[in-house]
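**Q** Shown below is the structure under consideration.
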Amino acid sequence: MGNSSGHNNTMTIPPGKGPHQVGCTDLMVGHTVQGTFMRIYYPCQATEHPHLPDWVPCREYFNGLADFMKINRALSERIFNYLFGSCKIPAAWNASFKPDGKYPVIIFSHGLGAFRTLYSAICVELASQGFIVAAVEHRDESSSATFYFKENAEPGTKRHMSSDISKPVSDNLEEVWMYYRPLKTGENEFPLRNKQVKQRADECIRALDILFDIHSGKSVENVLQSNFDLSTMENSMDLCRIAVMGHSFGGATVIECLCKEVRFKCGVALDTWMFPLDEEIFPGVKQPIFFINSEKFQWIGNIIRMKKLDSAIFPRKMITIKGTVHQSFPDFTFLTGNWIGRLMKLKGEIDPHIALDLCNKATLAFLQRHLSLNRDFNQWDPLIEGKDDNLIPGTNITIPHSSI
């Protein structure tokens, strides 16, 4: 995927600011479409010359993004490779895990048309602050691309992607690619999205179950070839302190997860798309929720649905980051120049480093408060209330009284 043009020398995904160096690895458990696929970010041992993985793992993901954006694959591959082909994730690939007490856990759910690597700036920052973060790649046909394996009776005929990091352990497995499923003409959108959000929550819960197995020392078999030793993570997680986090469709997944799984003690929902959710589940959400919104994406109907989760008993917080757009949360915002970023709505008017820094600090303060962490993240407590020049408490959307 390399790009020798050096286009991205100045545009990179920011490294974590916390005390820990960060490693990452891919874990696929079960080779079929019903299996679980995630990228795990974790505090790692200091590594002198770390291997940094490509941000977009292989060309099939570029093709998926092209399909999702409804642009020609051949043209887009050249454009994407020029813009993003040399981008690296600021985490050491398969670096040795760093045992240091028990780390709290975050399950992260991506948005529509995304995949497991596109929120690395957020995931790396959280891991640098002492969390184990599992970014799930969803198989509900909402990812722009993902893959699983099928058994092939004739070894030697298999085809594997252009990346060297996702080859299967077994010789008789052949890759199957699954791309984003667009709505059919005349199709009612809600039944599809509601079915997807339920599957997404189940996938997040399965990912959590796998982390429980790793923690308890059970043997977890990675379908992918990997130099990372999962057994080094045994007894390393604080399984009383688990949060779920996601963006857009992933924000809806956060709420579905909180309803389905009490092990999630709180949720952080970034610029949530509320449409996929059945409002009947709202009374079942009894954990704290933090809505962090962009200024440009939200609209009255979506905010009203968020407000339906308001509770006199369970904490609900909402802030809006000024000058941000919906794509201010994924990594794209760091990797495009101003004119391309604005043209493609990947960049808002605010410096993306300032925007994501506010998002991350507010998230850490919220997690400390509701996971009862003994850290110094409470220094950012005012951000939870929207107290900053670049924040709006609540929402920038005016809601008519008659709607409340």
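Numbers run from 1 along the shown chain.
Including glycine, each Cβ sits where the backbone N, Cα and C put it.
Residues or ranges marked as active site, nucleophile in TrEMBL: SER248. Summarising the annotation, TrEMBL assigns active site, charge relay system to ASP271, HIS326.
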**Q** Between ASP271 (active site, charge relay system) and SER248 (active site, nucleophile), what is the CA-CA distance rounded to a whole number of Å?
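**A** Rounded to a whole number, the Cα-Cα distance is 5 Å.
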**Q** Which ones in the same chain are close to SER248 (active site, nucleophile), with CB under 8 Å and 6+ residues apart in sequence?
**A** GLY111, LEU112, LEU270, ASP271, THR272, TRP273, HIS326, PHE329
**Q** Including all protein chains shown, what's the count of other C-beta atoms within 10 A of the C-beta of HIS326 (active site, charge relay system)?
**A** 21
**Q** If you draw a 10 Å sphere around the Cβ of ASP271 (active site, charge relay system), how many other Cβ atoms fall inside it, taking every protein chain shown into account?
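**A** A 10 Å sphere around the Cβ of ASP271 (active site, charge relay system) contains 28 other Cβ atoms.
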